[in-house]
Each structure stands twice: as structure tokens, then as C-alpha cells.
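Each remark here refers to the structure printed beneath this line.
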């Protein structure tokens with residue numbers, strides 16, 4: 001086994017946001033949680049080093065995971081990546097295991113498989129990337145698969161600038177290596193910071209062997225700006241879409257479909273173009289038609305859309321919800337709502353038909369109220385159901401009716417004013433042609 005230290009102390013100034021960088025989301029999930037999930041898949045000893053907005057990050061983490069060990073970087077004294085793993089006396093932060101893997105919190109695309117070279121190595125090692133265009137990166141000079149030296153681009157000679165091996169920002173160390181060289185680390189550089197790369201240089205100077213392990217570039221994309229966040233999200237989306245299609249989900253124009261990490265599929269599902277699945281959703285034996293949005297809801301044995309919106313806590317089972325229908329905290333069981341309706345805070349029973357333009361008036365300006373509709377109910381078009389209201393089964397509601405009282409089962413309900421036709425009434429407003 002090994003211990004994992006995740007570095008998350010940076011300010012993330014290039015994100016231009018008051019939200020801590022690591023809490024920015026990738027497909028609905030804060031990017032920090034991706035790396036924590038990977039860390040816990042390989043270790044029972046996970047450490048998180050914080051500084052900037054640490055209480056906010058700690059609170060977010062504790063809502064999801066109780067197993068993380070938190071540390072605060074002493075930035076005022078030991079800044080930089082090397083300083084992140086130092087205690088007050090320059091010794092490494094204590095870990096449970098002899099081998100330590102160091103990761104960055106702003107790399108949400110890292111997977112257990114991508115870390116395999118570092119996990120399998122028993123030596124001190126640095127993860128490398130092979131970049132076609134390494135401009136802007138420090139170069140790693142190799143000799144017989146060992147690190148000879150690490151050169152910052154501004155210090156590289158012409159030959160070294162042609163090197164395409166760069167530091168991926170992940171490391172595997174023996175704890176005794178950290179205990180030996182971390183106290184020797186200094187900040188005698190332009191930035192006045194302690195660097196993990198300098199730690200490696202100290203080891204090389206004393207003939208320590210540092211393995212150079214090449215990793216998959218895509219998985220080690222660092223997120224330091226909104227542009228890089230968007231790029232990482234595109235890659236994650238491709239993974240989520242592929243995972244869904246591997247389960248048999250049919251996607252029409254997959255590149256137009258957005259889904260988040262919390263979405264799960266069962267049975268035979270079809271997603272048409274422009275569909276958005278947000279939060280923790282269950283899509284089971286369902287057809288989600290074009291440009292529909294499903295948020296934190298369950299769609300089971302049903303069709304939804306096109307242009308429908310299932311807002312949080314909607315449970316749509318054995319039902320049809322058509323175009324321009326919005327649901328919110330609604331439970332439909334064997335019902336139909338074909339078009340142009342708002343169904344909020346309601347329960348609708350089997351074989352009930354909701355006509356076009358029907359609205360559940362669930363909000364009185366202060367509180368939300370519930371509408372309960374039984375089975376075999378026909379609600380005529382353009383009716384309003386003013387909650388709280390209870391409509392029994394086998395009920396017929398005439399078109400244009402405003403319901404303000406409970407309706408017993410077996411009833412016909414109407415509330416329209418009589419129609420009046422006034423002869424020549426038009427010409428009271430307009431001149432005769």
C-alpha cells in the first residue's frame with residue numbers, strides 16, 4: 001500500500017473567481033472530488049494540503065468524505081510545491097505507509113489506470129509527459145530511463161529546448177527519501193519557493209536513482225484557467241458519453257448531449273440531440289427527446305419531450321410528458337401531459353390526461369402547496385388547479401376551469417362564466433367598413 005498526498009493550497013488566480021479553484025465543477029462534480037475518488041481507490045491514507053480558503057474546501061469535502069486527513073501549508077514560511085509537504089521543522093507530513101504518491105488537486109482527469117506506472121514502480125519516480133509542443137514547460141533530461149536533470153525553459157540551451165519530455169507534476173517517493181532530502185530543500189530561486197523538482201535535483205546530486213515514467217497526456221491536464229476547465233470538461237463528457245453508449249444507450253448526435261457524473265442508465269434508453277441530464281438522474285427504459293432538460297429526476301418507462309423540462313424531484317413513471325411541459329417535484333404514474341403545462345408539487349395517478357395549458361398553481365407568494373390528482377382523470381385544456389387541492393379519481397374537468405376546491409371522485413367540474421354574444425358589439429369599438 002501507499003499513502004497519497006494531494007496538493008490543493010494554491011489561490012487559482014487565473015480562474016478569476018471567488019470560488020476556490022478545486023471546487024469548480026467538471027460535469028457537475030467539483031474537480032477536487034474526482035482526484036479524491038481516484039486517491040481512495042488506491043489508498044487508505046489520503047492527505048489533503050490546503051491554505052487558500054481552506055475552511056470552505058474542508059467543509060465541502062467533509063460533506064462527502066470523512067476519511068481525508070487535512071493539513072495546512074505554512075505558506076508564509078514554506079511556499080511552493082515542496083513547501084506543501086513540509087511541517088514546521090521541514091520534515092515531511094506524517095503518512096501511514098512507506099511509499100508516498102503526490103498528486104495535484106487540479107487534475108480531475110487522472111484515473112487509477114493512468115497512474116499504473118507510478119503504482120507499479122518501487123523506486124523514487126517522477127511522472128513525465130511527451131509533448132509535441134513543450135513550449136512553456138521545464139524539460140526533463142533523461143539518461144537510461146533515469147532523470148539526469150530538470151531544466152526550466154528559460155535556463156535551457158538550444159539542444160535542451162528540443163527535448164519533448166516534461167514534468168507531469170506527479171511523483172512517487174519513498175518516505176525515507178523525503179525524510180533525507182526535504183530538510184535540505186531551500187528557496188534560493190527567483191520565486192523564493194520550495195520546489196519538488198529541486199528535491200529531485202538534490203537526490204540526483206547524491207546519485208539517487210529517479211525513474212522517469214511516461215504517462216498519458218490527456219489524463220494529466222492541469223486546470224488553471226476557465227479555458228482549461230472547459231477543455232477538461234469536454235474530455236470528461238466524452239468519457240461519460242462513451243460509458244453510457246457502452247451500456248447500450250442510443251445517442252443521436254452525441255457531441256450535442258450534456259450529462260453529468262451522477263447520471264445512471266438502466267435498460268434501453270434513447271437520448272436525442274441537445275438533451276441535458278443534470279445532477280443525480282435515473283434514466284431507465286426511457287426516450288428523452290430533443291432539447292429536453294432533466295435535473296435530479298427519475299424517468300422510468302416513459303418518454304419526455306421534445307423541449308420538456310423535468311426539474312428536481314420529478315419522478316415520471318410509465319408516462320408521457322410532451323413538448324414544452326415543465327415538472328417540478330412531480331410524481332406521474334401512468335399519466336399523460338402532452339403539451340404546454342406546468343406541473344409542480346403534484347401527484348398524478350394512472351390513466352390521467354392533462355390537457356394543453358394546464359397549470360398547477362402551487363405558490364401563494366409565501367409557501368408551496370401540493371396538488372393530488374387521482375386515477376382516470378381528464379383535465380381539459382387551459383385549466384388552473386389552485387393548490388392545495390385534492391382531485392379524486394374518475395373526474396372530468398371542463399376546459400378553461402379554475403379549480404379552487406377539492407373534487408370528489410366521479411364528478412364533473414366546471415367553473416366557466418356563461419358565454420355572451422352581443423349583436424353588433426364589434427362596431428361599438430370600430431367603425432363599420
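Cβ from N, Cα, C; glycine included.
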Same-site acetyl-CoA binder from 393, 399, 409, given that Swiss-Prot records 356, 362, 363, 381, 416: 399
When distances run from the Cα of residue 399 (acetyl-CoA binding site) to each of the binding-site residues 7, 21, 81, 152, the nearest one: 21
Model confidence over the region 'Pyrophosphorylase' (1-226), averaged pLDDT: 94
Distant-in-sequence neighbours of the region 'Linker' (227-247), which means Cβ under 8 A and at least six residues beyond its ends: 15, 24, 26-27, 31, 108-109, 218, 221, 254, 257-261, 263, 265, 271
Nearest of the binding-site residues (356, 362, 381, 416) to residue 21 (UDP-N-acetyl-alpha-D-glucosamine binding site) - Cα to Cα: 362
Lowest local Cβ density (other Cβ within 10 Å) among binding-site residues: 106, 152: 152
Cα-nearest neighbour of residue 224 (UDP-N-acetyl-alpha-D-glucosamine binding site) within the listed recorded positions, 106, 339, 356, 362, 416: 106
